[in-house]
Every structure is written in structure tokens, then in C-alpha cells.
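Please read the structure below before turning to the comments.
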Amino acid sequence: MIGMILTAIISTTLIMALLVAAGVFTWVERRLLAFVQERLGPNRVGPFGFLQWVADTVKIIAKEDEIPPGADRVAYRLAPAVAATPVLAGFGVVAFGENLALAEIDVGVMFLLGMMGLTAYAVVLGALASPSRFSLIGGLRAAAQMLAYEAFLGLSMLGVVMIAGSLSMSEIVRAQENVWFIVLQPIGAALFTLGGIAAAHRTPFDLPESENDLVGGYITEYTGMSFGLFFLGEYLAILLVSAFAVTLFFGGWLGPWLPGPIWFGLKTGVIAAMFVWIRAALPRPRYDQMVTMAWKVALPLALANVLITGFIVVARSAP
């Protein structure tokens, strides 16, 4: 009984911390984008505009949340929750430090990959539930994008799994005590970055919402907190992908002098900032270009990386 209560308290604390982290990251993103574009960015609410995310949250909560005529009411309401819930569940197996994970499971990598994939279903569900044609096109793009990136995203981390000899998040981190896997798996890290951006539906792979040609894509008809939940899921997905990348390629909590959780947080912040830099620097490709790159470039590279890594691992383990 006490163990269940303690687990509930820790889980609630983690969820609240993640919600605050997602809000703070929106401020960080806007400030970094402003710096890249040589403008000020948010600077009115709080010091350096730090409390802007609080004001935006209050504004979204206060807005009316309507269901447009012709929408599937059940699916329309369910989609925003599906966007955020799997990402929060994914953080449950992330190892923030030595013996510091909400749930230590032997197949943590597979669980995280599955949770990341579920976010695409929220996009498709919201698009199909909406009466807008723009939403439908955005949902179709999301489905095709999911099929394209999931294939090489899973293969990109397979080399790390073979070297570490485990699917456990903690064991993968411990296997990097001598050298980070970014050194041994640079191709896998690059492919994981591409797939992670696509999984989070971030620029330049935000084609399901693509404001230039689809108005707002799958979220065209959403307002109020339903709209906010989609964006909460997106920003949480960025943080989850960053934490996943740190675990797989950058040594997780390992580092000198500072405590492990601090190292993990710093590394995750740097990777998340890199995603913002990519958004500021790269244009959005055409939809057909993105799909072509995934199937004809990224997937063959991922397969080649797996084959080469497998040969090396077998050769090193041979007597």
C-alpha cells in the first residue's frame, strides 16, 4: 500500500515537472528563434519574458473549446488526449540517473519507440474527426510520414542495441562508460535525429500541419485547450526525443563532477536547443521530397549501418 502511494506521488511529481519543462521550453524556443532572426522575442511578462508561457497557458485555458458542426464528437475529443498521454508514458522508462527511473524494464527501447509511434495516431484521429478538408489532408500526410520515418527510426537505434547487448535504457547508458555511442554510431545518430524530428512533427518535417498550404493542417478546427493539448504533446515529444538521444548516443547521466541527473538534464537541454536551431536554419521540404528521402536514402543507410555494425560485433566476439 505504501509502495503504491509512493509510486503515485513520484508519478504525479514527474508529470508536473514535465508539464512545467514543456512550458519553459516554449519560452526557450521563442528566445532562441528571436536570437537567430535578430529580434527581441518575448520580453514583457516577467524578467526577459520568462513568464510568457504562463500567460499563454492561462489564455489557452480561458478560450472557448468548441466542436465544429459535422465533427465526430467522440474522436474529436479523444485525439488531443492521445497526443499527450503516450509521450508522458514514455518518460516513465527514461533513466534520469543511476537507479533513477520510474519503471526499469528490460525492453525500454521498444517501449519508448512504441510510445513515440502512438503520437501519430492522435494526428490521424483528429484529422479524420474534423470536418475540414485541410485537416484530412494533414492526417493523410501524417499517416504516410509515420510509415516513412518509423522504418528507419527503429533501425537507426538497432546498432546501439547490438553494441550494448541490451534493450534496457540503463544498460545502454552503462555500456557507454568508456566511449559514447555517438563516436561508434555517427550514422545511426544522424538518422535518429531525422526520425526524431519527424516523430515530433517538427520543422522541417511538420508537413501534417504545414501552415503555408494547409492553413493549420490537422489542428485547423481545434481551439482552446484541445488545441493546447496538441502543442503540449508536440513539445513533450521534443523533450522525449532529446532524452532518448542522450540515452542512446551521449552517455545518459554519465559525466564528471556533477550529479548524474544534472548531466542528463544539461545534455537533454542541448539536444532540444539543437532541434530549435534546425527549425530556424532549414526550410520545409516538399511532401514528396520528404517521403523520397525517407524510403530511398535514410532506409538504405539504416540497413547498411545495421549490417556493418552486426559484422563488427560478431567479429569482435568471435574467439
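Here the Cβ of each residue, glycine as well, is placed from N, Cα and C on the backbone.
For reference, Swiss-Prot has these:
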type: TRANSMEM; residues: 5-25; note: transmembrane segment
type: TRANSMEM; residues: 78-98; note: transmembrane segment
type: TRANSMEM; residues: 109-129; note: transmembrane segment
type: TRANSMEM; residues: 147-167; note: transmembrane segment
type: TRANSMEM; residues: 179-199; note: transmembrane segment
type: TRANSMEM; residues: 214-234; note: transmembrane segment
type: TRANSMEM; residues: 238-258; note: transmembrane segment
type: TRANSMEM; residues: 262-282; note: transmembrane segment
type: TRANSMEM; residues: 294-314; note: transmembrane segment
Item to complete: Count the Cβ pairs between the transmembrane segment (214-234) and the transmembrane segment (109-129) that lie under 8 angstroms and are 6 or more residues apart in sequence, then report whether there are at least 3.
Response: yes
Worksheet item: Can you say which of 5-25, 109-129, 147-167, 179-199, 294-314 has the most Cβ pairs under 8 Å with the transmembrane segment (238-258)?
Response: 179-199
Worksheet item: Is the number of Cβ-Cβ pairs under 8 Å between the transmembrane segment (294-314) and the transmembrane segment (5-25) three or more, considering only pairs separated by 6 or more positions?
Response: no
Worksheet, complete the sentence: Spatial neighbours of the transmembrane segment (147-167) not adjacent in sequence (6+ beyond its ends, CB under 8 Å) are 106-110, 113, 116-117, 175-176, 181, 184-185, 188-189, 191-192, 194-196, 198-199, 205, 248-249, 290-291, 294-295, 298-299, 301-303, 305-306, 309-310, 313
Worksheet, complete the sentence: Residues outside the transmembrane segment (5-25) whose C-beta sits under 8 Å from one of its C-beta atoms, at least 6 past its ends, are 53-54, 57, 88, 91-92, 102, 232, 235-236, 238-239, 272
